[in-house]
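Report on the following structure.
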Amino acid sequence: MLVCVWWLWTSLTAVWAECDFARLSGLSQELRYDQSALPQYAQLSAQLALCDTQEANHLRHQLLYKSGLIQVSSGNELAALELFEAIQESPETSAFVSLAQKRLQEIYQEFGYWERTEDPSLGARYETLKGKLLSYLSRNELVPTDLLNGLVGLAPSSLDIRILINDALYYDLSRTLSINAAQSIIENYKIVLSKHKRIVSVTDKLHIHHAISVLQMFVMSTTPTNLMSCLALDMDYKPCRELSKLSSKLRRINPEFTSVMHPDQFLELSEFDWAKVLEFYIKSAKPIVFDGTKSGKNNLEVLRDVQRNLLTELLTQRTLSSIDKKWQLDSSASSAFTIFQDLILCEAYDQTSQTKIADTYYRAALKDKLPQESLSLLNGFTENLQNPENVKDILHNLWQDSPSLALHAVRKCLVALAAKEKTRYGIDTTQVWSLLENFAKDHEWDRSHNEAINKVKRIISNASAKKRRENQERFNQQQRQQQQRQQQQHQNAPPPMNDLSKKNLYKVLGLSQDASYKDIRKSYLLMTRKYHPDKQGQLSEEQKQKNEEKMSQINEAYEILSDEEKRKDYDNQRSGRGTQRQRSPFGNNNGGGFPFGGGNFKMNFGGFA
């Protein structure tokens, strides 16, 4: 490359004193269509300007136009604008004049040079949208996103529009400390530095780099990467130097942001010195010294004072802004920076078994992570084991967003379980243990290298296994007790009323087992005459009762033995060949095989002779 440049420069000096178009034309054919060749394009164009011919003018316009296209493709539209305007301002004409004019109109609109655009409605549209934006800000109201998008769409690279939009975003930031607002401000500043680097002063560039770094560090809780660009411009610029030192110190103390905020990386977090976090933030063995900030009771307090001061300064100064309006930081707003501090302090206290103190930071972070309804449900579950069926999704979402908070919530639940099971013997916590066990399984705690997670996982696994054993033992005991009760009931139960195998009906009638129907009928009639109440005369109550019982037996025997099927069934039972039926084989299930049997039987002998 250096050889080519030297050769081209040597060739140009040879024709500098006079116009050698043929040689210049030949050199132009050897130029690369690349940003590195722009100096050669400029040198050839300057030499061609000395040639007072139409061919030379056409070639010069061609080289200027190509140079402009290279600048546009490299994102240097304002440099391209000067090249295209050089074609326009040339007294000579060529085919490239109209091409340059078209490119110029595109750049004028993109950068908001309304007085140069051919469409006057564009400038009018800009003034209308700007007036609406200023009206919202004058009333201390958020500017609608559609209005901001409308301004960007009108002139994406306009310096005025980007700074105007940042004014609106700074007002949003003052109320919410939103990551989205901070990121949008940073993107606007980067466009300003990229597209307008030739017109933005070094001082303003330093202010912008510092502003971006403050937003990255104290709102987004990310590494302030623009500090390097700031110090590259001026190594002695104090605001960036101080911020760089503070950022380096925090990187040595804090775990990586993603290792606490990303589930997969939190599972891999191991061998981190959490005591170091408490030592730095709370015990403050080496207090932070930062320009313009008073000392506090600990470094946590100092850092939050630094954050408040720097953000207030940003809201007040707003580099390049033309709006003379100052906004105050809402004291209730929380940033990712403060939430991250609450998260790591919660985890640090948990790791050192100081759960009550950890809970203070847990609550501070949780209120910024969950809506009120979800927050109430989760607190009800972790503290009182209420509504476990309603917190599964809440815990899952919390794990995806802030896994360390979800881990602390599980720890709180384990404490509540221990307390409930200790004070209320027999409480059913099966559903809660099942939820925790499934939560650990669903989020792959088995593959964790994080000892804090592994410790909680072991507690859940052991307790769940114990709970299953207890439930199984309780079930087995209930089964044994039920079997024992059934056996006892069976042993103590009187023989079924329909079991006639224990009764000798033939003996009741005074017959043998091979007696005929005629014998049975004859015996029955003789027996009834003997024991019929009307044939007995005056009897004592005791004798009457005995006779009635005897008649009941006689009738039962006759009822069975006089019926061929019933007699056969009875004989089978007596011989052991039959099986006892659940219902009476003789057509009655009211307490006896015979329809007139039972202690309450009263024979009706009306009409009997």
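Just so you know, glycine gets a Cβ as well, placed from its N, Cα and C.
Per TrEMBL, the features are as follows:
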- 1-17: signal peptide (SIGNAL)
- 465-501: region 'Disordered' (REGION)
- 474-492: compositional bias 'Low complexity' (COMPBIAS)
- 504-574: domain 'J' (DOMAIN)
- 558-599: region 'Disordered' (REGION)
- 563-574: compositional bias 'Basic and acidic residues' (COMPBIAS)
- 575-588: compositional bias 'Low complexity' (COMPBIAS)
- 589-599: compositional bias 'Gly residues' (COMPBIAS)
Message: So if I exclude everything within five residues of the ends of the compositional bias 'Low complexity' (474-492), which remaining residues of that chain have a CB under 8 angstroms from its CBs? That is, six or more out.
response: none
- prompt: So what pLDDT does the domain 'J' (504-574) average out to?
  reply: 81
Task: May I have the DSSP-based helix, strand and coil counts for the residues of the compositional bias 'Low complexity' (474-492)?
output: 19 helix, 0 strand, 0 coil
- prompt: Where DSSP helix means H, G or I and strand means E or B, what are the helix, strand and coil counts for the compositional bias 'Basic and acidic residues' (563-574)?
  reply: 11 helix, 0 strand, 1 coil
